[in-house]
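S.K.: Mind having a look at this structure? Questions to follow.
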Amino acid sequence: MAPVGAALWRSLRAHQVYGANTDVGKTIVSTFLCNAVNRLKNQGKSAFLKPVSTGPLDEADDRHLQRHAPNTLTKCLYQFDEPVSPHIAAKTFAIPRDDEILSSVHRTLSDWANDGVGFALVETAGGVHSPGPNGNSQADLYRPLRLPIILVADSRLGGISSSISAYESLLLRGYDVHSVLLFKDDYYQNHEYLGNYFRGKSIPLVPVPAPPRRPQEQDPDSRARDLEALDKYYSSVTKSTDVVSLLDELVLKNKQRVEYLDEMASRAQKTIWYPFTQHHGMAAKDITPIDSAYDDFFQTYVTADRSAQQGRLQATFDGSASWWTQGLGHGNPGLALSAAYAAGRYGHVMFPGNIHEPALALAESLLKTVDNPRLQKVFYTDNGSTGMEVALKMGLRAACDRYGWDASKEQINILGLKGSYHGDTIGVMDCSEPSTYNQRVEWYRGRGHWFDFPLVKMSQGVWQVEVPATLQASLGGNQQFSSLDAVFDVESRVRSDAGQRYRKYILETIERLVTQEGKKFGALIMEPIILGAGGMLFCDPLFQRCLADVVRGNPQLFNRGRLTEPQPQTDLSWSGLPVIFDEVFTGLYRLGRKSSASFLGVNPDIAVNAKLLTGGLVPLCTTLASNEIFNAFTSPEKRDALLHGHSYTAHAVGCQVALDSLRTMNNMDEDGSWNDFKNDWKQPHAGDTARVWSVWSHKLLHNLSHAESVDGVFAIGSVLSISLKDAEGAGYTSTAAKGLQTRLAAGGPQFNVHSRVLGNVLYLMSSVTSKQETLRTIEGILREALL
């Protein structure tokens, strides 16, 4: 089922009515608000929607509106007879899925907008966290719609606490509470206390007289008197100046919300300097306002001309995973609670010389998760680039200490791969070869040697390892494989002819660089498997394995001029050069495994994790290192310490969110949450599941690999990469993928796809919680665009 956009129209003011508890008067409030709208000629027609109702039909809330607000359109989507919570009442019926409920609500509101309705209320059942039919909290069930809230507070004893708790639960989930109403009670005076509380939040609170009490007798005369009393009550409250003023306020807020979204792009163009963006020729129309985000989707503002009756927000699949950060979905309430808990417990506290529980627990959990016996220490930084700066400092210090080099007198280089990218801070920029990213950076120097390498792709339905033409004399020709699992059978391939060729080429190259050119190298730095920003370059895992093996197995290459080679102290000591893995992008389940190093059978001496570390919520980075690397900075001298840090180092909010994110992802791995995806990639006569798999279907890859415009495709974990043919050459400056990006952005009537391109490569990336149904829908759009 296609996702729904959040609910926003120019002409229709739609609000959701939540209660601080059950039996606080939600339907009473809905009735007099609709009656007041009907009475005021400038408010348009009113409508009332009850998505889920429980209890006898003659007591249903929509029936109450039909009786006491006869000029209001009413509708109930799902009625269950038993007067209990919806998740219990629905058990004896065919339970509608949450997405079906959302679609029905959105479709009903859209129909009403087209019919000229000006005011609509969507009333929930029970309290804020009362379960829906599938057992999920209503606050989460309806969150994709993000309707502005009218909160009915509780005027009874204990109502102050329940009302504030209800408000905070809504706020935590990203709802906007536009107004609060409750019944006056001169004894408990909750309206006085809550009025002051919500005034401090700039939220109007309207106290109204309590409705007449229901008669205890249920004879016809008593019921008739009750109905008459209610009619008089509604007639009185409807005319209240406070109620009329509230309706005017709701009109204004809807108008202001639409106007703000209207202006956001043009205002941003005037004030925002965007990263990785050439602003020359950039217009306001090129900027997409995002009103909110939930799960895999942005809610983007439609800037194209639309009538007042058409919805203004559209669901947009976050195809770049918001620069590769998304793991557990946007607006994740669990992570929001984690952040709020840590913010409430700590705020931010100084880290050096101190320790707090989230930082310690995360460090221990991360070391256990990556399961690399070399790694024993965790250094915290703010983002991937700074984490790699720290890794570089660690590696170079260890190498210089072992080999007796003075980096102030001679240049110490790194070994890496062409197309690598490790961040935008100046040190790690020098760890990449000259490119579009750095050629206009004034302090860039480029200190290293970067190996070209064979690429993995599927073309014409066949997995291939494609060797650059300039290397075929040394590495041999292209190879074909029966499956992606076969490509990753590194332990077998390392003994093959290709493995021997790779090692010989790497060894001879390093010998030439050191002996003939006199270069010194202090670290081997690699992005395991996929070089992301360089163009989603899928490196042959065998080549990376051989590179690490040659560096570690030939320490004599790097100690030229030293009489004796300091031998590693243990089997876990680094040898040759410290091996640094930049897993900022590829680590922590992005490629379907806890660590992308496991694909290579290589345990790095230093590893950096960032993007998925916090599930996609806040910045945080860890640089993991061995004790031997750590000891290179240990001495009586302060100057020998790792003098690097940030004001918000190991901030408690990020550490707590990361701890809970890591726990969630580990649980998903253990409980088989991805088994359906794995089974899709299982080969005939293979084991239970594929060793290498993707959330993107194998059939999609096979289909796209035959497309006329496609040079090659691959998918692994949550990453899908499509390389398009370009007669003028591939690379970051290519525009070949722009056309496909434009077609995806156009999407369909219900949703579209946001994506990023890297030259001739368009990639899509899901979260680790993406549903198979959602991704197969996206795949359908891709097929339409390319086949």
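Placed from the backbone N, Cα and C atoms, the Cβ positions cover glycine too.
Under the heading ATP binding site, Swiss-Prot lists D23, V24, G25, K26, T27, I28, E123, T124, A125, G126, K184, D185, citing similarity to another entry as support. What Swiss-Prot records for T27, D61, E123 is Mg(2+) binding site, and it gives similarity to another entry as the kind of evidence. Residues or ranges marked as substrate binding site by Swiss-Prot on the basis of similarity to another entry: T54. The (8S)-8-amino-7-oxononanoate binding site annotation in Swiss-Prot covers W323, W324, Y421, K611, G645, R756, and the record cites similarity to another entry as its basis. Annotated pyridoxal 5'-phosphate binding site per Swiss-Prot: G384, S385, D582, H646, S647, in sequence order, evidence recorded as similarity to another entry.
Quick one: where do these features end up spatially?
M.R.: Mapped onto three states, the DSSP output places T27 (ATP binding site) in helix.
DSSP assigns E123 (ATP binding site) to a strand segment in the three-state reduction.
In three-state terms derived from DSSP, T54 (substrate binding site) belongs to an extended strand segment.
Counting only same-chain residues at least 6 apart in sequence, those with a Cβ under 8 Å from the Cβ of W324 ((8S)-8-amino-7-oxononanoate binding site) are G532, F585, R590, K611, L612, M765. A helical conformation is recorded for W324 ((8S)-8-amino-7-oxononanoate binding site) in the three-state DSSP classification.
For H646 (pyridoxal 5'-phosphate binding site), the same-chain residues lying six or more positions away in sequence with a CB closer than 8 A to its CB are T381, D382, T386.
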S.K.: Taking only the Cα atoms, work out how far G645 ((8S)-8-amino-7-oxononanoate binding site) lies from S385 (pyridoxal 5'-phosphate binding site), in Å, as a whole number.
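M.R.: Checking the Cα atoms of G645 ((8S)-8-amino-7-oxononanoate binding site) and S385 (pyridoxal 5'-phosphate binding site) gives a distance of 13 Å.
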S.K.: Please give the (8S)-8-amino-7-oxononanoate site's span as the largest CA-CA distance among W323, W324, Y421, K611, G645, R756, to the nearest whole angstrom.
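M.R.: About 32 Å separates the two most distant Cα atoms.
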S.K.: Whole-number Å only: compute the distance from the Cα of W323 ((8S)-8-amino-7-oxononanoate binding site) to the Cα of E123 (ATP binding site).
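M.R.: Cα-Cα distance, W323 ((8S)-8-amino-7-oxononanoate binding site) to E123 (ATP binding site): 37 Å.
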S.K.: Let me know how many other Cβ atoms fall within 10 Å of the Cβ of S385 (pyridoxal 5'-phosphate binding site).
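M.R.: Within a 10 Å radius of the Cβ of S385 (pyridoxal 5'-phosphate binding site) lie 21 other Cβ atoms.
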S.K.: Find the longest CA to CA distance in the recorded pyridoxal 5'-phosphate-binding set G384, S385, D582, H646, S647; express it in Å as a whole number.
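M.R.: Taking every pair of listed residues, the largest Cα separation comes to 23 Å.
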S.K.: Quick one: what's DSSP say for K611 ((8S)-8-amino-7-oxononanoate binding site), helix, strand or coil?
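M.R.: Going by the DSSP assignment, K611 ((8S)-8-amino-7-oxononanoate binding site) belongs to neither helix nor strand, so it counts as coil.
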S.K.: Could you tell me which three-state DSSP class R756 ((8S)-8-amino-7-oxononanoate binding site) falls into?
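M.R.: DSSP assigns R756 ((8S)-8-amino-7-oxononanoate binding site) to strand.
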S.K.: So of G25, G384, G645, which of the binding-site residues has the fewest other Cβ atoms within 10 Å around its own Cβ?
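M.R.: Checked G25, G384, G645; of these binding-site residues, fewest Cβ neighbours within 10 Å: G645.
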